[in-house]
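Feature annotations, courtesy of TrEMBL:
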| type | residues | note |
| --- | --- | --- |
| SIGNAL | 1-16 | signal peptide |
| TRANSMEM | 270-293 | transmembrane segment |
| TRANSMEM | 333-361 | transmembrane segment |
| TRANSMEM | 367-387 | transmembrane segment |
| TRANSMEM | 408-428 | transmembrane segment |
| TRANSMEM | 440-463 | transmembrane segment |
| TRANSMEM | 484-511 | transmembrane segment |
| TRANSMEM | 523-551 | transmembrane segment |
| TRANSMEM | 563-582 | transmembrane segment |
| TRANSMEM | 594-627 | transmembrane segment |
């Protein structure tokens, strides 16, 4: 099974495949091809903006082409454009002339300084700039970077430019690749490359968009022509003429493989190194755990089952707390609510990663991954309610209604309040990333109309399920816990337990954070599935080991400790995000910084719930197993 997952991981990262739900389209010669405009994005601000928020050429009538919930939450504003392109027709066209006011020019210059990129879409392919990368073995490979830069800042090292002056890329050279086969008529688009240029166009006589290349003295366009500056000072309007030309290239790339260059994430050896390194740690840990636990527990079982009651009084070890080990912990409702949400998140992650690994949530279906993740989370309310209520019932709890309500609303409510608060800050920046009010209402209806009722359904069956009696009885008077060594104190023990789970995922975490915050594609879900499996095993093993040591020291408060031991990996994740911010990102401004740290804090909290739940369930099974295997008078 592991080998099959590895092969599938490699296949998904390199080979072409037909994406479910996406059918190829053939274009005949002269057939019009629509170019849609998407959002403007920047890794420095993390705030997307509407394409037409800047003074670009606009068609006489615009319409929105956003298709699903995920696109809205991503801040996508997909609309039609003024570009007029026909299949196989090589052409140079003047798009329009813009006379920018001082305010418009100032805004455009600001966006250029903030490193914004423009995103276009043709036949469901995003526009990309081609990059040539040299590999360590001397070979060169072609990679795609999504979108194209809005402009550049002049410098003394760049001929024809003034230092600190903003220049806009007002000419686009489209290189459209197509593939033909005798089995179908026309051509299929397999590549959409953009080469932006900045040209200060000059024209003869009266300006007209129909003048074409003959009316411009700055044609043919080349890098040797003076660039187009953006004068953001003074009252003189800045005149910018937008143009584009199209080049068609016949390609051997088949339609099923056209996403390969977009999804290429560099040398995948680092991913394999991460997996092998984590597997080595897990196998070593598993071997140590198995050897220690089996030998030690077998010796304990033999000693406890053979000795008489008088000898037991002089013994020490985990059997001495048999009458207290199943004593309900403090704050049982909060613990059960945390477990329920953790199960919901774990099931959501596993199902979403599996679907993405099999290709059902491809990047060709923009926003599908986020949409599916939200829907799966809602549907996983049943196992969340079941685990929460069944665990609470085993703790002899009576407030089952309160437990169920908290399971359904506590953590989703915290996340919703945080996101809705952040949304006001995003609204204040006039960003398209702000969630519309209607979408907020839709999310709330999904939460209270789908997730909450399903949690109650799961809770109903959880409370109705018959419980197995605990293997030992609980005394009415709690046993006194002896003084613990410094290394067995709760805080230190908990912090040490989170190191290994975090170590199992931190390399893949780097690529995930790079995908999110540097806005690159992430599609090696086969590797991610293996990392999730390793994470589950690591959390289970480290929690069981530390729980055993805790019980051997006659400390029976294992309920919360087992949850927090592996859950403390969320603290390390947040600490790593701080280091990542200062070493890998160039985020500027208060609001973008607030967004980054708040999002990472929420992600760390959710990660804590997932890993903590894995640790608790493992220790719960372990405690029942060992105390059920001994004879207690």
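Note: Cβ is positioned from N, Cα and C throughout, glycine not excepted.
Counting C-beta pairs under 8 angstroms (sequence separation of 6 or more), the transmembrane segment (333-361) fails to reach the transmembrane segment (270-293), with fewer than 3 such pairs. For the transmembrane segment (563-582), the partner stretch with the most Cβ pairs below 8 Å, chosen from 270-293, 367-387, 484-511, 523-551, is 484-511. Under 8 Å from some Cβ of the transmembrane segment (523-551) lie the Cβ atoms of residues 2, 5-6, 8-13, 263, 265, 268, 271, 274-275, 278-279, 281-282, 285-286, 289, 292-293, 296, 318, 321, 325, 349-350, 353-354, 356-357, 362-363, 488, 493, 496-497, 500-501, 504-505, 508, 511-512, 557-558, 561-562, 565-566, 569, 611, 614-619, 622-623, all in the same chain and six or more residues away from its ends.
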